[in-house]
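Peer 1: Starting off with a structure, shown below.
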Amino acid sequence: MATQKQEKSVIWDWLTTVDHKKIAIMYLIAGTLFFVKAGVMALFMRIQLMYPEMNFLSGQTFNEFITMHGTIMLFLAATPLLFAFMNYVIPLQIGARDVAFPFVNALGFWIFFFGGLLLSLSWFFGGGPDAGWTAYVPLSSRDYGGLGIDFYVLGLQVSGIGTLISAINFLVTIVNMRAPGMTMMRLPLFVWTSFISSTLILFAFTPLAAGLALLMLDRLFEAQYFIPSMGGNVVLWQHIFWIFGHPEVYILVLPAFGIISEVIPAFSRKRLFGYTAMVFATMIIAFLGFMVWAHHMFTVGMGPVANSIFAVATMTIAVPTGIKIFNWLFTMWGGKITFNTAMLFASSFVPTFVLGGVTGVMLAMAPVDYLYHDTYFVVAHFHYIIVGGIVLSLFAGLFYWYPKMFGHMLNETLGKLFFWVFYIGFHLTFFVQHLLGLMGMPRRVYTYLGDQGLDAFNFISTIGTFFMSAGVILLVINVIYSAFKGERVTVADPWDARTLEWATPTPVPEYNFAQTPQVRSLDPLFYEKIHGDGTMKPAEPVTDIHMPNGSILPFIMSIGLFFAGFGLIMLNMDNPIINPWIVAIGGLALTFGCMFVRSIKEDHGYHIPAEQVKADLAELKKGGN
């Protein structure tokens, strides 16, 4: 028999929650903190490059910043921020009461978070990793890489476990938890792209985990996988890394495409043009994304045949991506467009991403890549993809879903000011870096001489970074201001949108839907507005709702993995104050002990009685939500 829900303090409630909505907000906060941290590093690096031969940062500090900036932005900022929206929105969009495995959802967050903390601890033990975010061997070997590389390896290994189990959870949720009538071809595009992105995580993070394990064995136990003098192969690391690294771009950009595919139809007052083509284009992009990893290695010496095959495969990705671009444009064509902040970010994404794609096709030409490789042209290209593609989409999604997540609107005036300051700053920063690359400025250098003609463009690029920073500060001000003065949202659907999450009350109750909705079409809420009375028809009567109990075990298990990783890092420390094996084995014992407790403990959750659900429904009807 299920127990009654226990009353908890606020902190205990958040530490033990398995509610997908609260976990989403924790992902949002953690991802934002890491985003700001990596952004400050970027600002410091641009200040160092503002003038020739600056001494704002030393070469060593610059190397550490450039490594941590890339690593944090991809693993600990972009990924969790997308996971925040995936966690909050997917169950609501498919008509589910939670994800398939709420306990695993909480575990995925806490493992990611403590993995990020483990990586960040490197600053207190001699400095961060300094081999670049790709950690190419031999730069990351024991001979050249300091203790920071051990934090990189173990921090990403722990964090990656959290990402992997969360992806499995999303896959099972989307396959098994859909409301009656919601076939796969009625899924919102955001759910489709998240589903395909989670599949990519499944296949991309496993080689990363294997590669990090081999590098760990090289560094901690003197294995020889990547040491040429002992029969190892440094190019092997490059292949292992990039067969993860290139799909990682699509792991991030596909859910971003999904956000754009939700925002543009909502504010164009039209259904998404070419839904079926968009679904299959997403599948093709994901498939081809695994076929092109070696285009990062054109200058390694794979030979003309391999280079040619990967060059052609890379250019082919432009075709399904082009389909998506035109479908977004056709969605806006003839629509009654509302240019609020979310729509400004979504529509500006399109030309920005196209420019990033065009430079991508240029880089795909293997002979020309010999000129571009390791120059600022490449830096400009991938920032147009990651900032112009992923970050603009995240901001669009934030302004779009913020009322549903927090119960109040963000200020539109501050929002539009944020958009223009950030967007102008972005192009100022990165457009001129194409030109710096064509002029021959190499990546990852901490200074340059005054007679090389690079002064003006570097100065402009740094000014742009100040604009971007000012934009992010405006966003923070907006969030704080709106929390106190923002317009409160009391209706379910402030945007007159099309999908199921806008059929839930605001704020969303812990059980999401009092009655599981019956889905009759793609864009189910819009269908009911046209063919019904504007409300979703229930697929079941009002009954007791079963809910999972919260648990502190995910938090404790993650602490155990944190200490296990730290204990292994201590093996490379000089004179550790405690035997590293005690820390490592103790951490693993804590994690496996929690797994054992979880296995033998009977926990059937609790029920929300039908009477309470009916009372909630009556209250909502009275309030007009």
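Placed from the backbone N, Cα and C atoms, the Cβ positions cover glycine too.
So Swiss-Prot lists these for the protein:
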- H69, H383: Fe(II)-heme a binding site (BINDING)
- 72-92: transmembrane segment (TRANSMEM)
- 151-171: transmembrane segment (TRANSMEM)
- 195-215: transmembrane segment (TRANSMEM)
- 240-260: transmembrane segment (TRANSMEM)
- H246, Y250, H295, H296: Cu cation binding site (BINDING)
- 272-292: transmembrane segment (TRANSMEM)
- 309-329: transmembrane segment (TRANSMEM)
- 343-363: transmembrane segment (TRANSMEM)
- H381: heme a3 binding site (BINDING)
- 382-402: transmembrane segment (TRANSMEM)
- 417-437: transmembrane segment (TRANSMEM)
- 460-480: transmembrane segment (TRANSMEM)
- 551-571: transmembrane segment (TRANSMEM)
- 577-597: transmembrane segment (TRANSMEM)
Peer 1: Let me spell it out: take the transmembrane segment (551-571), skip the flanking residues so only those 6+ beyond its ends count, and list any with a Cβ under 8 Å from a Cβ in it.
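Peer 2: Residues 12, 15-16, 18, 103, 106-107, 109-111, 113-115, 117-118, 121, 125, 147, 150-151, 154-155, 157-158, 161-162, 216, 220, 578, 580-595, 597-598, 603 contact the transmembrane segment (551-571) from elsewhere in the chain.
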Peer 1: Let me make sure I understand the structure: which of the binding-site residues listed (H381, H383) has the fewest other Cβ atoms within 10 A of its Cβ?
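Peer 2: Among the binding-site residues H381, H383, the sparsest Cβ neighbourhood within 10 Å belongs to H383.
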Peer 1: Where does H246 (Cu cation binding site) sit by DSSP, helix, strand or coil?
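Peer 2: The residue in question, H246 (Cu cation binding site), is helix (DSSP, three-state).
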Peer 1: So which of 151-171, 272-292, 309-329, 382-402, 577-597 has the most C-beta pairs under 8 Å when paired with the transmembrane segment (195-215)?
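Peer 2: Highest pair count goes to 151-171.
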Peer 1: Just the number: how many Å between the Cα atoms of Y250 (Cu cation binding site) and H381 (heme a3 binding site)?
Peer 2: 15
Peer 1: Give residue numbers and ranges for long-range contacts of the transmembrane segment (460-480): same chain, 6 or more residues beyond its ends, CB-CB under 8 A.
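Peer 2: Distant Cβ neighbours of the transmembrane segment (460-480) are 36, 39, 42-43, 46-47, 49-50, 395, 410-411, 414-415, 417-419, 421-430, 432-433, 436.
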Peer 1: Fill in the CA-CA distance, H246 (Cu cation binding site) to H69 (Fe(II)-heme a binding site), as an integer in Å.
Peer 2: 18
Peer 1: Six or more residues out from either end of the transmembrane segment (577-597), which same-chain residues have a Cβ under 8 Å from its Cβ atoms?
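Peer 2: Contacts with the transmembrane segment (577-597): 553, 556-557, 559-571.
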Peer 1: Round to a whole number and give the Cα-to-Cα distance in Å for the pair H381 (heme a3 binding site) and H296 (Cu cation binding site).
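Peer 2: Rounded to the nearest whole number, the Cα-Cα distance is 13 Å.
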Peer 1: Once the chains shown are all counted, how many other Cβ atoms turn up within 10 Å of the Cβ of H246 (Cu cation binding site)?
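Peer 2: There are 20 of them.
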Peer 1: Can you tell me which parts of the same chain pack against the transmembrane segment (382-402), counting only residues 6+ beyond its ends and a CB-CB cutoff under 8 A?
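Peer 2: Non-local partners: 73-74, 78, 81-82, 85, 88-89, 249, 252-253, 256-257, 259-260, 262-263, 266, 340-343, 345-346, 348-349, 352-353, 355-357, 359-360, 408-410, 415, 419, 422-423, 426, 429-430, 433, 475, 495, 501.
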Peer 1: Cα-Cα, whole number of Å: H296 (Cu cation binding site) versus H383 (Fe(II)-heme a binding site)?
Peer 2: 16
Peer 1: Around the C-beta of H295 (Cu cation binding site), how many further C-beta atoms are within 10 angstroms, looking at every protein chain?
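Peer 2: If we count other Cβ atoms within 10 Å of H295 (Cu cation binding site), we arrive at 22.
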Peer 1: Specify all same-chain residues, apart from the site residues H246, Y250, H295, H296, whose Cβ lies within 8 angstroms of the center of the Cβ atoms of the Cu cation site, ordered by sequence.
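Peer 2: Counting only non-site residues, the set is W242, G245, P247, V249, G289, V292, W293, T314.
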Peer 1: Using the alpha carbons only, what distance in Å do you get between H295 (Cu cation binding site) and H383 (Fe(II)-heme a binding site) once rounded?
Peer 2: 17
